[in-house]
Amino acid sequence: MARDLVMFRDVAIDFSQEEWECLNSYQRNLYRDVILENYSNLVSLAGCSISKPDVITLLEQGKEPWMVMRDEKRRWTLDLESRYDTKKLFQEKDIYEMNLSQWKVMERIKSCGLEGQESPHEVCFRQVTKTTSGKTPTYRKLTSLPLYQKSHNREKPYECGECGKAFRVRQQLTFHQRIHTGEKPYECKECGKAFRQCAHLSRHQRIHTSDKLYECKKCGKIFTCGSDLRVHQRIHIGEKPYECKECGKGFRVRGQLNLHQRIHTGEKPYECKECGKAFRQYAHLTRHQRLNIAEKCYECKECGQAFLCSTGLRIHHKLHTGEKPYECKECGKAFRVRQQLTLHQRIHTGEKPYDCKECGKTFSRGYHLTLHQRIHTGEKPYECKECQKFFRRYSELISHQGIHIGEKPYECKECGKAFRLFSQLTQHQSIHFGEKPYKCKECEKTFRLLSQLTQHQSIHTGEKPHDCKECGKAFRLHSSLIQHQRIHSGEKPYKCKECKKAFRQHSHLTYHQRIHNVT
């Protein structure tokens, strides 16, 4: 059976600069994915090397595709009789051609610019009309041909058999299914890292080529995509434009809001086929499945602890070997992980790129800002199932739970003292070593713990960030505020076993107990 030749331009979509600037990052990524995937398919079908179109070269380099628009003087004749399968999109000086199957993608990308309502059984040729305002181009109808109704009524006919998620374009379903299969056909020749989509590989390769990288001026973090940098910068300015209508909580990224809303709806679309347990996020399902499959875990031969990835095991193994390859040039302190060194160096530089919008307090880590903001919001997301007490930090919950079980698995080899948390053991061991790595720049006093230095520095600054909501009195330390609040609440948690007298502070109880010891 004879076959018609397929040219790359038959499965391509072209944009002018004006059109390209009207697309958001999601629409641009969709365009890149479709074009790169189509080119990949043509190469595989050809079975031999073919010349690479300029637009593919630009997309692989992360550049804008409109840079290869056809010659302005070149015009093609619209001939529906001889080219019935092809639609043509005219602009004043440029003419672009696309295949019928790709028209549906174009329809989706440009749907925000439609004027009026067409028949649901028609797909229209439209002419782009340039606008002086720079907004999304408008369109006027030239002619029409029958097409599926789904292009207009926004149906999603392509459904994933694994999780039920539906898509308007078959190509999107193909990309999505690779999440379930784990297929990552696009591999970086420089570092071996693999990706599900060709566009993701192209963006990654900019790291190696140093082509058009975007650096955050606040913290120095590097991004290969401008949109990723813009999203990241919201961490520093505290911007959270996506708000949940149910509880008012804000998010930096729309995807985070979508995941959060499942808490209110109770939706758990990802189900484990082994045990039937369902999850709100696919990442949670993946983690659950890997925990259930022993052969996929990475186990430490020294202590038997298992990890979900080999990287985690390698970092953990340094605990046993004592290896700390990343050393601070200022104080000589060494770290197992480079990221720990980067964060540590901010102690010396004084860099605190994360600002609280409520009180202006700055932090060296984004996570510390997140925890701090819970003081203002009152959020305590971690609940103890034993006593229903809530905590702002997960570490506080874990530490608290040790009270119920009485377990203290981390023992100091120097003195035999045991602790519930490994971090507590690490802090304690600095007593034996005499190590005090945290120095106050004002008075040169040194401290074992960063928290001690932070508390001390408030003496110099006069800062009292902890306010009593009852009387407005402010305190340097949160513990001082807790003690003060007992005046208003009348709480006296420290009771003398001899005479049953109760006290607000433990020091008061200790002082009182001397009476009984004397007698």
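Note that Cβ sites are derived from N, Cα and C of the backbone, with glycine treated the same way.
Swiss-Prot tags one of the stretches 52-74, 98-120, 466-488 as zinc finger, and that stretch is 466-488.
Which of 134-156, 410-432 counts as zinc finger depends on Swiss-Prot, and there it is 410-432. Helix, strand and coil content of the zinc finger (494-516), in residues and according to DSSP, is 11 helix, 4 strand, 8 coil. With a cut-off of 8 Å between Cβ atoms, the residues of this chain six or more beyond the zinc finger (326-348) that come close are 315, 318-319, 364-365, 437-438, 450. Mean per-residue pLDDT, taken over the domain 'KRAB' (6-78), amounts to 56.
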